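So the structure is just underneath, and the comments pick up after that.
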Amino acid sequence: MGFASSPSDQCGAILKSCLFFILLSAVELTEASIHIYDRDPFREVGNAYLLSGGSEGIAVSNDNHGRSYIRFENITFWRSKEDADHHPSLAYNGGLVQVIIFEAANRDNIGGSAYGGQRSICCTSDLAKLEGCKQGEVIRTPSATDKNWPVVLNVYFRGKMLSTHMKKNKEVNIKKTGMYNLFFITCDPKLKDMRVTGRTVWKNPSGYLPGRMSPVMKFYIFMSIAYAILCAIWVFQYVRYWNDVLLLQHCITSVIALGLLEMTFWYFDYAYFNSTGTRPVGITTWVVTIGAVRRTVSRILILSVAMGYGVVRPTLGALTTKAKRSSIKLDIYRKFSNALAVAVIISVVWIGYEVYFKATDPFNERWQSAWIITAFWDILAFALLCVICYLWAPSQSSQRYAYMDNKGEETDDEETESLCRETPKGSISLVKHDNRKDGDVSDPEEAEEGKRE
């Protein structure tokens, strides 16, 4: 069942995972497909000095729609004059910098350990004897599926030069869909103060948008269409029954408009990103601001609807034993409370799934489906908005649902309540009712009139 492994094998697996986590801790949390290095420093990890060049999901087209690659542009390594003076020659591969590209699934192919001890990135004298690696270089084990991976590119400092360059516009073609990691590594302690300038371009078949973000752009297209349809239906009803529109329905209109703007702006933001490889600062700033406003107004709307703002009386007052036959309002709020209960249950279940998803995918190997995690909350918010639009849609009877205090509706004294009634002659008479029970008639004339009617 897979539980019979020896303690040494288990320790080795843990050490491999720990090493990869250390490597990933050096990765910049960036979603840009163009990674820029501006004299970025190296950091010490184990017996190596490294700099993360990026980590992104790259897809490969099956129909030759486009090419996937990582391109190095003007990558230059800089060292100080003091470090250069320590390397008058190139003995023992002195002045070597290695560029490592590997798929997350092949993370165990980088590094090794001697006699089951601590895992090392660079080859030591003991490892050179055991694994046949070259001392002073990164330990690389060829992949079982492709012996050319992980990719290792060597760059040397010549003599006492203060800088060295990678081959101009060097490209590494990606032939398999996966999560790829790039590291600049040196095993020479004399180069620990080295810096890097230049940039790398990560290209997917459909453009420069990172692989994990590519499905989100398509998602925003569908969400924009969905909001546009909802907006069209709502505006039709809104204009048709303009004279009966409530204040609550004005708030719903603003939420729909903000949602449409947010989804549309997100699409244009991602489309620009996909075509150029960089985020448009202006559009991104606007869409984040609109999104924050939309979420704020949405929460206020949910609270207002749940508390019955503009629909029920602010306080029961003395009428604590009678709510006065508001069955229509009760039905609306019963449906809304059921919708909220379903939304809460689904949210709790989804949070549990999200925790499980992230806990079981520490190396982002399921990056192709990770977009669903964030997209779910947009879908849930849209679904709740549709429910509110359905229950409180503008109509000719909208004012019937509103609480009108200035019309004397639901007053504390039932004796002041009056009804309009048409007499047989077509005239209208006002009949004043008191608190007598139904059928309790003390005036014979009124009783006789009631019989005739």
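Cβ atoms here come from the backbone N, Cα and C positions, even for glycine.
TrEMBL: automatically predicted annotations, no manual curation.
As written in TrEMBL, here are the features:
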type     : residues : note
COMPBIAS : 431-440  : compositional bias 'Basic and acidic residues'
COMPBIAS : 441-453  : compositional bias 'Acidic residues'
DOMAIN   : 215-324  : domain 'GOST seven transmembrane'
REGION   : 412-453  : region 'Disordered'
SIGNAL   : 1-32     : signal peptide
TRANSMEM : 219-239  : transmembrane segment
TRANSMEM : 246-268  : transmembrane segment
TRANSMEM : 300-319  : transmembrane segment
TRANSMEM : 339-357  : transmembrane segment
TRANSMEM : 369-393  : transmembrane segment
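Within its own chain, the transmembrane segment (219-239) is flanked in space by residues 245, 249, 252-253, 256-257, 259-260, 263-264, 266-267, 270, 371, 375, 378-379, 382, 385-386, 389, 393-395, which lie at least six positions past its ends and keep a Cβ under 8 Å from the stretch.
Same-chain residues lying 6+ beyond the ends of the transmembrane segment (246-268) with a Cβ under 8 Å from its Cβ atoms: 217, 220-221, 223-224, 227-228, 230-231, 234-235, 238, 283, 286-287, 290-291, 293-294, 297-298, 300-301, 304-305, 309-311, 378, 381-382, 385, 388-389, 392, 394, 398-399, 401-402.
Residues in the domain 'GOST seven transmembrane' (215-324) partition by DSSP class (helix H, G, I; strand E, B; coil) as 85 helix, 0 strand, 25 coil.
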